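**Student:** Supplied in structure tokens, the structure appears directly below.
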């Protein structure tokens, strides 16, 4: 039964990821006053499957100087970690109801750095290595703010379990009392998933293609799939944390519908940001975190810690 549930979780995620690639090309196309893919199938709807077929039937080339084992493992590890991160998410019921679901997500998203680092180092290319080192520095840096923002939300939630966030937000979304955290969280998720304007790891002008420059065919497709799966996962987590969906015990499908719509809107916002903003310079990227986000998130975390203590000093009102 567990394996059936696992496949029922993985298959829709992969389908959503496939159509996200199409949605991105369509949205970018319309924002640049062109059509986007419109040949393969009605309105280009079968384009993702054509792309997948083309990539997976090509011969996967491997550089002679590369480290074969790590070079081969890295793409598979990237996609596996991206899919494993979905396990504790309530949709409205998680695959495994973990007591420390948020810590699990934070830990698995940290592991994604290893696949990028291994791919950059094992490729034995200076462009790939620089891209990988950039990705590691960027991801580790922005995980500081993500962790502190999560800690602040947990103080309001009172539990590490994601399912309790549904109950916490029954009457009020957490985005309303903590909108500065929500803004910093959204920008940090852009950096965490290496998306524009923080896609320094794939800087075409200086690094050709970044950490995956030596990859082709199937292994390249696995990295591509991992990136887009992470985007949907981060937006799903944002919805769970800040935009708690309506939950009815007798009609759980209302939660799923509301959850899917909010996640879709956040994902479109990701694509809109990519179409609108130029890439940050690397020093600006680091200054944004260490000089702006980190002090702000620490101050807000202290505020949320001290608020219950201050409130307890107020005498009861008649």
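Cβ coordinates come from backbone N, Cα and C, glycine included.
Pasting the relevant annotations from Swiss-Prot:
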type: TRANSMEM; residues: 2-22; note: transmembrane segment
type: TRANSMEM; residues: 76-96; note: transmembrane segment
type: TRANSMEM; residues: 102-122; note: transmembrane segment
type: TRANSMEM; residues: 146-166; note: transmembrane segment
type: TRANSMEM; residues: 171-191; note: transmembrane segment
type: TRANSMEM; residues: 217-237; note: transmembrane segment
type: TRANSMEM; residues: 253-273; note: transmembrane segment
type: TRANSMEM; residues: 294-314; note: transmembrane segment
**Student:** Between the transmembrane segment (171-191) and the transmembrane segment (76-96), are there at least three Cβ pairs closer than 8 Å, leaving out pairs fewer than 6 positions apart?
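**Tutor:** Since fewer than 3 Cβ pairs under 8 Å link them, the transmembrane segment (171-191) and the transmembrane segment (76-96) do not come into contact.
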**Student:** Out of 2-22, 102-122, 217-237, 294-314, which stretch has the largest tally of CB pairs under 8 angstroms to the transmembrane segment (146-166)?
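**Tutor:** By Cβ pairs under 8 Å, 294-314 leads among 2-22, 102-122, 217-237, 294-314.
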**Student:** Report the listed stretch (2-22, 102-122, 217-237, 253-273, 294-314) having the maximum count of Cβ pairs within less than 8 Å of the transmembrane segment (76-96).
**Tutor:** 217-237
**Student:** Do at least three CB pairs under 8 A connect the transmembrane segment (294-314) and the transmembrane segment (2-22), leaving out pairs fewer than 6 apart in sequence?
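**Tutor:** These two stretches do not touch.
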**Student:** Let me spell it out: take the transmembrane segment (294-314), skip the flanking residues so only those 6+ beyond its ends count, and list any with a Cβ under 8 Å from a Cβ in it.
**Tutor:** 144-145, 148-149, 151-152, 155-156, 178, 180-181, 184
